[in-house]
Every structure is written in structure tokens, then in C-alpha cells.
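Residues or ranges marked as ATP binding site in TrEMBL: Gly11, Ala12, Gly13, Lys14, Gly15, Thr16, Arg130, Gly176. According to TrEMBL, the feature region 'NMP' maps to 31-60. If you look up TrEMBL, you'll see Thr32, Arg37, His58, Leu59, Val60, Gly88, Tyr89, Pro90, Arg91, Gln95, Arg136, Arg148 marked as AMP binding site.
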Amino acid sequence: MKNIVLFGPPGAGKGTQAEVLKEKYNLIHLSTGDMFRYHMKNGTDLGKLAKNYTEKGHLVPDSVTNDMLKAEVSRRMEENPKGFIFDGYPRTKAQAQVLREFLKEKNTQVDAMVALEVEDEVLVERLLERGKSSGRADDANEEVIRERIAEYYRKTDILKEYYQTDEKYYGVDGVGSVEEITERLSDVIDEL
Ligand code: B4P
């Protein structure tokens, strides 16, 4: 089983690339952002809670996020997958620790953390563009987008060091066409 953490700031292209890579490598794509959006759309208790954080550009608390992710991994494990692409998770050190322990219990591990590197101004531009049609409250204005990026530097960027100590970290240039970036990511995945 091969498990990949697809990493990067908001708008780096994690979701876009995960959709391509899941087909190419026959992996299960797990996006915590998509899970929260599903709950928000359906008005569940979890969705109501998540909304308070996502619309301000903040991360949803770790305990809630971890429980949701673990339940989904357990459910999808029953499909006997070739592996998972984690998109948007982990986003804090506490989440990374939970993921490590949880995968260990399942006799598996993170094999690579691949980080898409994109400058902040390009991120803002991409998310504002998506906001014109996505209907996503967190893409709606520049202030919230900048807060998401700030939250990334406060809590998430540090995870590069966390995975670097295990020699599982790979940085990939996230600027270029979607196809070019898929090629760069594939070069890393093919080596695993
Ligand atoms: P996410 O859904 O993960 O949002 P994201 O960071 O914007 O997504 P991504 O980087 O995947 O961007 P995409 O490919 O779509 O999270 C949303 C919110 O949920 C978070 O802010 C947080 O509140 C909450 N949340 C999620 N996970 C959490 C966790 N683990 N813990 C706590 N809270 C959590 O690309 C963006 C845009 O760029 C698209 O419009 C795309 O078309 C465009 N694009 C992609 N690749 C491109 C390219 N090569 N060139 C030009 N444009 C490109």
C-alpha cells in the first residue's frame, strides 16, 4: 500500500492534482475540505460547526477533523485500496501525529509528503478566480483568502520539517500547466 500526503498552501492545486493522480495510480482520494463541504451542504452538526471556521479562513479544530478523517479511512480501507492520497490533511502537527499513529495501527504509513510550491500572490489570484464561480464562502473575498494563507504559515507549513526528519518530504514546483505539474508529481510517485 502506498500513501501520499499531497501538501501545499490553499490554492496550490492539491485538489486538482489529486483528482488526476487517483485515476493514474488507482488510489483513493481523501480531501478533508471536500468532507467539510459535504457536511456544510447537508447541514449536519459537523457542517454547522465547520462553517464557523472555514468561512473565516481558519482551520477546523483538530479533534473534530481527526475523528472525521479516521472514520473515513476506516470505511474506505474495506475496499482494500492500493493506497490513499491525503489532500488537505494533515494541516497541523497534532494531525500529523494522529495520522502516523492511526496508520501504524492499520499496519501502513505515509510513504511520501509531496509539497506543491506556489507563491502567495499566485495563490490569491487563483482563489479569487475560482471564487467567481465556486460559490465557496472561503473563496469569496480577498481578506478571507489572505487569512487562509496566514493560517497556513501559522500552523501548517511547519509540517515540511516534520516529514523532512523522516526523509519523506519532496518539494515540487506548483506553477505551470496542470499536466506539467502532474508529470513532476508522477516522477516522485514512480520512485516510491
Ligand atoms: P481545502 O478544500 O483543502 O481548500 P484549498 O486549500 O483551497 O484547496 P486546494 O489547494 O486543493 O486548491 P485547488 O486544487 O482546488 O480546505 C478548505 C477549508 O476546509 C480550509 O480553509 C479549512 O477551514 C478546512 N479544512 C480542510 N482540511 C482541514 C484540516 N485538515 N484541518 C482543519 N481544517 C481543515 O486549486 C485552487 C484553484 O487553483 C482552483 O480554482 C484551480 O482550478 C486552480 N489551479 C489548480 N492548479 C492550477 C494550475 N496549475 N494553474 C493555474 N490554476 C490552477
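Using the three backbone atoms N, Cα and C, a Cβ is placed for every residue, glycine included.
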(message) Need one number for the AMP-binding residues Thr32, Arg37, His58, Leu59, Val60, Gly88, Tyr89, Pro90, Arg91, Gln95, Arg136, Arg148: the maximum pairwise CA distance in Å, whole number please.
(response) 24
(message) Among His58, Arg130, the binding-site residues in question, whose Cβ has the most other Cβ atoms within 10 Å in this structure?
(response) His58
(message) Looking only at the region 'NMP' (31-60), how are its residues distributed among DSSP helix, strand and coil?
(response) 20 helix, 1 strand, 9 coil
(message) On a C-alpha basis, identify the one among Thr32, His58, Val60, Tyr89, Arg136 that is nearest to Arg130 (ATP binding site); the candidates are the binding-site residues.
(response) Arg136
(message) Among all protein chains shown, how many Cβ atoms are found within 10 Å of the Cβ of Gly15 (ATP binding site), not counting that one?
(response) 15
(message) Helix, strand or coil by DSSP: which one applies to Tyr89 (AMP binding site)?
(response) coil
(message) Considering each pair of residues in Gly11, Ala12, Gly13, Lys14, Gly15, Thr16, Arg130, Gly176, all listed as binding ATP, report the largest CA to CA distance in Å, no decimals.
(response) 17
(request) Mind giving me a neighbour count for Tyr89 (AMP binding site)? Other Cβ atoms within 10 Å of its Cβ, every protein chain shown. (result) 26
(request) Measuring Cα to Cα, tell me the gap between Thr16 (ATP binding site) and His58 (AMP binding site) in whole angstrom. (result) 21
(request) Look up Thr16 (ATP binding site) in the DSSP assignment and reduce it to helix, strand or coil. (result) helix
(request) Please tell me which one of the binding-site residues listed here (Gly11, Ala12, Gly15, Gly176) sits closest to Thr32 (AMP binding site), measuring Cα to Cα? (result) Gly15
